[in-house]
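Residues or ranges marked as domain 'NLE' in TrEMBL: 2-42. According to TrEMBL, the repeat 'WD' annotation covers 166-207, 236-276, 322-358. As annotated by TrEMBL, region 'Disordered' applies to 208-232.
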């Protein structure tokens with residue numbers, strides 16, 4: 001069994017390094033994780049017991065650590081944890097919040113007249129000027145750009161207004177993605193379109209005009225600044241129903257998933273569709289990752305998480321299918337540095353962590369609907 005194999009490896013390591021600390025290991029045979037006693041694995045894979053096996057051992061994933069939940073006033077609809085020091089959340093109360101170290105709400109981003117449906121950091125880390133750049137999308141059919149200083153530590157949450165509004169969609173915005181250069185944003189909407197927007201802009205830009213003066217924070221003595229309004233640089237047409245998710249993994253390539261059962265690839269410069277795949281299910285989520293960030297994971301109106309490889313032409317069959325959820329899949333995300341790991345959440349109330357080298361999820365958690373929980377998964 002895995003426990004017995006771990007004991008053997010720990011004994012060998014201890015004989016070579018007296019200060020070695022015993023720990024559990026996972027084992028890989030022919031590129032697949034062993035999730036059963038070794039003799040059962042051989043029988044299941046049709047491997048002869050006379051064969052000499054090469055066993056690769058890796059540190060086992062430690063049990064997850066869940067921090068205390070952080071409550072919101074309404075449903076939490078969006079979370080971005082890509083920043084090393086801050087977490088961004090969007091809520092159905094129309095507010096986005098910045099959390100320091102997943103413990104204290106330091107900024108409240110206000111201005112939307114409808115529920116926030118998506119939110120993302122534009123700059124992943126704190127830049128040299130000590131500021132964070134954030135974009136949010138809402139059911140009010142607009143995006144808002146926020147930029148604020150993070151160097152000042154305050155005891156209470158500071159309310160921040162948007163410096164730029166991006167209207168143009170005719171229905172609720174469902175998903176946002178930022179390009180790798182951090183200069184462009186794409187938004188997906190229930191109006192079946194995908195729009196591309198420039199992040200920066202001034203009042204002299206042809207696509208940006210000042211629409212009103214307002215105070216940019218709750219301090220009545222603060223200066224009034226112009227709040228700008230921008231227009232989309234291009235619109236991608238092709239989907240026939242709600243575009244539920246977008247991803248922008250490469251400078252020229254955008255992927256989208258839709259309730260019309262399709263995943264589509266777009267050329268960001270020309271706006272043309274370059275590849276599509278129909279899976280027969282309405283899709284709720286999509287993300288790109290894996291080897292070379294070239295695999296597409298998507299989930300939708302069934303309990304199956306599917307993974308495709310667009311580099312294999314002439315086939316629409318997924319290369320992986322994971323089916324341990326018991327209800328529709330609502331979100332999925334690839335590990336930022338591992339080719340093998342991705343995570344999914346479902347309307348069954350569970351989050352599952354998957355490894356491409358085995359068909360079994362090895363980490364599960366139950367979630368509450370009106371709070372977000374922060375998990376630390378270490379190897």
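Placement of Cβ uses the backbone N, Cα and C atoms for every residue, glycine included.
Automated prediction, rather than curation, is the source of TrEMBL annotations.
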Key: Residue numbers, six or more beyond the limits of the repeat 'WD' (166-207), whose CB comes under 8 Å of its CB atoms   = 114, 117-123, 133, 135-139, 141-145, 226, 228-237, 239-251, 254, 256, 258, 266, 268, 271
Key: Distant-in-sequence neighbours of the repeat 'WD' (322-358), which means Cβ under 8 A and at least six residues beyond its ends   = 28, 31-33, 35, 61, 82, 284-291, 293, 295, 297-307, 364-367, 375, 377
Key: Segment confidence, the repeat 'WD' (236-276), expressed as mean pLDDT   = 94
Request  = Kindly report the helix/strand/coil residue split of the repeat 'WD' (236-276) according to DSSP, in that order.
outcome  = 0 helix, 25 strand, 16 coil
Ask   = Of the residues in the repeat 'WD' (322-358), how many are helix, strand and coil by DSSP?
value = 0 helix, 19 strand, 18 coil
